[in-house]
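Only one structure is covered here, and it is reproduced in the block below.
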Amino acid sequence: MKIFSAQQIYQADKFTIEKQQITSDVLMEQAATKIFEWIHARLRGTSVNIQLFCGIGNNGGDGMALARHLQEHGYVITVHVVNYSEKRSKDFLLNLERLKDRKIWPNFINAESELPEISANDIVVDAIFGIGLNRSPDDWVGQLIGHINASQAFVLSVDVPSGLPMDRAPWNPKYVIESSYVLSFQVPKLAFFLPDTGVYLNQWEILDIGLDPEFLTREEADYELVGKHQIVSLYRPRLKFSHKGTYGQAMIVGGSYGKIGAVQLASNACLSSGAGLVTAFVPQCGYHSLQTAVPELMVLTDTDEHCITEISMPFAPKAVGIGMGLGTKEPTIKAFKDFLKQMESPVVVDADGLNILAMAPHMLKDVPPQSIFTPHPKELERLIGTWTDDFEKLEKAKAFSISHDIVLVIKGAHTIVLYKGKGYVNTTGNPGMATAGSGDVLTGMVTGLMAQGYTSLEAAIFGVYLHGLAGDISASQNGYEALKASDIVNSIGRAYVEILSPPDVEEKEQE
Ligand SMILES: NC(=O)C1=CN([C@@H]2O[C@H](COP(=O)(O)OP(=O)(O)OC[C@H]3O[C@@H](n4cnc5c(N)ncnc54)[C@H](O)[C@@H]3O)[C@@H](O)[C@H]2O)[C@H](O)CC1
Ligand SMILES: [K+]
């Protein structure tokens, strides 16, 4: 699903209005009707107090139109106009008039007004600011927002949580609505998926408000949300007359004294992702444990007991994942450098492999094109430097990915894969996966997919999704806290089965 910028959403609006020869208030009415239907389907006329807080722009207009529908269906409503500017939008005014025609007189909240009482049992509709927010809310509006957040009422946000900017971190983190549920129009917004801004939403859902399909199909987006539908289209089925050679020979290179488990996790994940053959290359101290723990694995060792000093590959693997538990000792750095020089096809670099590259950036020129980097936030910072907010982080990461021709996997709650200036935002995974070795499993999986012939970009997108899904399946059985990286490996099979199962109704709607 495409993720459009605020600018593109305004363009979609304009295009739809011109092509369908409608007025802008028709779109607003469609949006408000969709929200009303969502609420009505759940409340079915319950006599709960609904307090609507409406700004004076089009987000506020949506709120006013919604108030009218709610009142027409007998709901108990209070409408507040958050009067933060003189510049009221045309469609806000139109809907204000329509309310007044029905003898509904909103309560106008101004800087000097007292804040209305909100009970924890009320439902708050948040229609103060939408995607048009372009500066910090005034202090009194921020205080009203804080008052709503403190009420413990269920807060339903129209389009976006009010006060949440679409292209930067909030000016003041207290001046943003903490939404219980966001009903967002037509397309998901990038801010929903980034740590600085995503924390303000509990749940979200997209409502189709009828923006023109021609525009939505034609317009290129910088970011895309990756769901099951996209993943199924990437999947490469296994063939009846195939053999292990068909699915490639993968190599996992890493480990040092006390960190052989990282290689074990990655190798196991690589095998479970479907690679035909997997060989691990480790210092000698890892030999026995790996041979015992993973019988399917072949093990090659370095001449050194404790760390890798020279990576010799007696065959040309189809895919290599390197870096987990590797350490950054001088001889290991030299071995890594020689390895990169000798590799021609893309490799997957993780953990200490990335740390070495951050320490010695001149080595980046030896990284084969289309290689995959899988940094966690600290490793990313070492590679690209610090950032002021997530949006700047993404811009810097994009520039890095383009200049080194790297598929960059930015790990987080919503992992984002960046390549050639485009971002793919993952939708699977859970907080239980923030645990030791989870990243080693991902690297093993992505390497396993590359061994099977997935391109670097495909392997990264597919691997990230599959990894998150395996984590979700594990968490559904044992909860978040007990989740261990090896549980993720054990759920890879079920994750494949889930990907290949027919979509349920909700998934079909989201396609
Ligand atoms: N295609 C769609 O998705 C549709 C969306 N709709 C709704 O329209 C809003 C966007 O409306 P807009 O009027 O452009 O902006 P806002 O309502 O978010 O903001 C109002 C207005 O206020 C000014 N402003 C910005 N920041 C501040 C501030 N801190 N203090 C005071 N004033 C501020 C600025 O000039 C804004 O224009 C979208 O989110 C949807 O809810 C349509 O109803 C249907 C189509
Ligand atoms: K809002």
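A Cβ is built for glycine as well, from the same backbone N, Cα and C atoms used for every other residue.
The following features are taken from TrEMBL:
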- 9-217: domain 'YjeF N-terminal' (DOMAIN)
- 58-62, 130-136, Asp159, Ala262, Gly325, His376, Asp440: (6S)-NADPHX binding site (BINDING)
- Asn59, Asp126, Ser162: K(+) binding site (BINDING)
- 227-499: domain 'YjeF C-terminal' (DOMAIN)
- Lys411, Gly412, Ala413, His414, Thr415, Gly439: AMP binding site (BINDING)
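All features noted in TrEMBL, drawn onto the structure.
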residue: Asn58; record: (6S)-NADPHX binding site; DSSP (3 states): helix
residue: Asp126; record: K(+) binding site; DSSP (3 states): strand
residue: Asn134; record: (6S)-NADPHX binding site; DSSP (3 states): coil
residue: Ser162; record: K(+) binding site; DSSP (3 states): coil
residue: His376; record: (6S)-NADPHX binding site; DSSP (3 states): coil
residue: Lys411; record: AMP binding site; DSSP (3 states): coil
residue: Gly439; record: AMP binding site; DSSP (3 states): helix
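In the shown protein chains, 18 other C-beta atoms lie within 10 A of the C-beta of Gly412 (AMP binding site). Ligand 2 lies under 6 Å from the Cβ of the following binding-site residues, listed in sequence order from Asn58, Asn59, Ser162, Ala413: Asn59, Ser162. The binding-site residues near Asp159 ((6S)-NADPHX binding site), taking a 10 angstroms Cα-Cα threshold over the set Gly412, Ala413, His414, Thr415, Gly439, amount to none. Of all the binding-site residues listed (His376, Lys411), His376 has the fewest other CB atoms within 10 A of its CB.
With a cut-off of under 6 Å between the Cβ and any atom of ligand 1, the binding-site residues Asn134, His376, Lys411, Ala413, His414 reduce to Asn134. Cα-Cα distance from Thr415 (AMP binding site) to Gly61 ((6S)-NADPHX binding site): 35 Å (rounded to the nearest whole number). Counted within 10 Å of its Cβ, the other Cβ atoms near Asp159 ((6S)-NADPHX binding site) come to 26, all protein chains included. In sequence order, His376, Ile410, Ile416, Asn426, Gly429, Val464 are the residues of the same chain, not among Lys411, Gly412, Ala413, His414, Thr415, Gly439, whose CB sits within 8 A of the CB centroid for the AMP site. On the backbone, the CA of Lys411 (AMP binding site) and the CA of Ile131 ((6S)-NADPHX binding site) stand 27 Å apart. Looking only at the binding-site residues Asn58, Asn134, the densest Cβ neighbourhood within 10 Å occurs at Asn58.
If you measure from the Cα atom of Ser162 (K(+) binding site) to that of Ile131 ((6S)-NADPHX binding site), you get 9 Å. The average pLDDT computed for the domain 'YjeF C-terminal' (227-499) is 97.
Minimal Cβ crowding within 10 Å, among the binding-site residues Gly61, Gly439, is found at Gly439. Same-chain residues that are not part of Asn59, Asp126, Ser162 yet have a Cβ within 8 Å of the Cβ center of the K(+) site turn out to be Phe53, Cys54, Gly55, Gly60, Gly63, Ala127, Ile128, Phe129, Gly130, Ser157, Val158, Asp159, Val160, Pro161, Gly163, Ile177. Applying an 8 A CB threshold to same-chain residues 6+ apart, the list for Asn59 (K(+) binding site) reads Ala127, Ile128, Phe129, Gly130, Ile131, Gly132, Val158, Asp159, Ser162.
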